[in-house]
């Protein structure tokens, strides 16, 4: 079995050519075995000797990696980037992979290359094409990001002890499937949420983390900052960040520190620091005569004492819940912070100023404050809406909240009511069936009376049919509202197939009873006018399928809002009753029309 085929670099091919020229008396087969290549490959290399040597001179150091003359689709961009890279390295300054990517994006913008993204895969291929050696701690591999990664986030957020468990916080009960329920009755500007994240700094000055000739092993960046971010649901208030680190609190300059800073041995937000933060927030809310709800997650608050808080109610997300600010806000803050560091590094490299690569704690705090300020309020409100908290200015959270005991009692009551309703429904059905049988026997006897009284009774039948069989939208909407205890004042206009739906507050009159009486009088007048026509037009009766399709549309609209299980149960009961009534009325009306044709 011959040697395994592999593609040689230009440097390896040049070395083979040199070996052949230095040993003219050596057989070609012996040289092929020495380099573990087939004789045919050796013949091809010698045939293309001039082109191979030219390519080696062209690519220089990169010839140790390049195997073909195939150009990159971004060849012009990479030419400018490698020239800039060589200039910076000649000055003895380190260049990290993230800085290479940022510089490449700038060059692409100048060249108008909108499709260029500077991905990790491109960076890996760029290094291979141009012989850029990745030292430890810089561009690690194709599958890993070049930026340093913070440690894994701590375990799930703390849960609040129930009332009587010894905790100082009142007995909030939060359920994983309905985390916004605790915010019922609060305006969106009074619902705050806080989360903790990590940022890194002081890794730009690591001289050993350079590319292409780094002097020794790289030192991992160990300077980590824990940042507590807090904002309200409509994004109108972003509280100053609380930053914690291991370094001692720096001296404030003339303008002071841009955000609060606390130091401890672990570099995280401690219970004491959080208590002080909440106390300051409570004092501020007292001065503004406001009572707010603060939803927290991933905080060191298991043993937090909140007995002194009068204007701030604290609650926690259950484990496994995605925090509102973690739906995009935290990522934005990290992106703005990283961008600020890269811009600083780029300016230092292009100005060949090694001292510019030093990032101190005070400057890092300014970067944190600027990154938090750059987040748009609309983005914060969007993340809260995605988490189920509504959003928008002056909006009110209307989701329901009940304790476990209340929910169990309501479930038991609902089960008892359902059993009673089922029993009553069966009795009513039996009575109605008996009445229908008696009515069917008496219809033939009273047929002559119907003919004598005639058209007035027919108009009454048609009026009853239109009100019960037609299933008007206002009656359906009002019935659903009464069953659910009242929705908000929603009004939806359907332009095409369906009539206008007005969902009013439970117990509210639509336009007063006088309007309904006027409508009834107008219908009576129209029926009397139709009596003069011997071939009077019959009121069209919707089919059972049409009626149920209409109800399905209304049901979809109702269930698109956040409703509790009790309202859902009422909707199901209403659907059952409507099916029963519609079938009965449809059968009765068909029987009346059949008797009319026979007479």
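Glycine too: its Cβ is placed from the backbone N, Cα and C atoms.
Marked as N,N,N-trimethylglycine by Swiss-Prot: 2. Residues or ranges marked as domain 'HTH psq-type' by Swiss-Prot on the basis of sequence analysis: 2-52. As annotated by Swiss-Prot, DNA-binding region applies to 28-48, 97-129, with the evidence given as similarity to another entry. Marked as domain 'HTH CENPB-type' by Swiss-Prot: 65-136. What Swiss-Prot lists as region 'Disordered' is 143-183, 394-476, 498-543. The compositional bias 'Low complexity' annotation in Swiss-Prot covers 144-158. Look at Swiss-Prot and you will find 165 tagged as phosphoserine. Taken from Swiss-Prot, the feature phosphothreonine covers 396, 398, and the record attributes it to similarity to another entry. Per Swiss-Prot, the feature compositional bias 'Acidic residues' maps to 405-475, 506-538. Per Swiss-Prot, region 'Homodimerization' is recorded for 536-599, and the stated evidence type is similarity to another entry.
For the region 'Homodimerization' (536-599), the predicted model reports an average pLDDT of 66. Per DSSP, the secondary structure of the DNA-binding region (97-129) breaks down as 25 helix, 0 strand, 8 coil. Across the domain 'HTH psq-type' (2-52), the DSSP tally of helix, strand and coil residues reads 33 helix, 0 strand, 18 coil.
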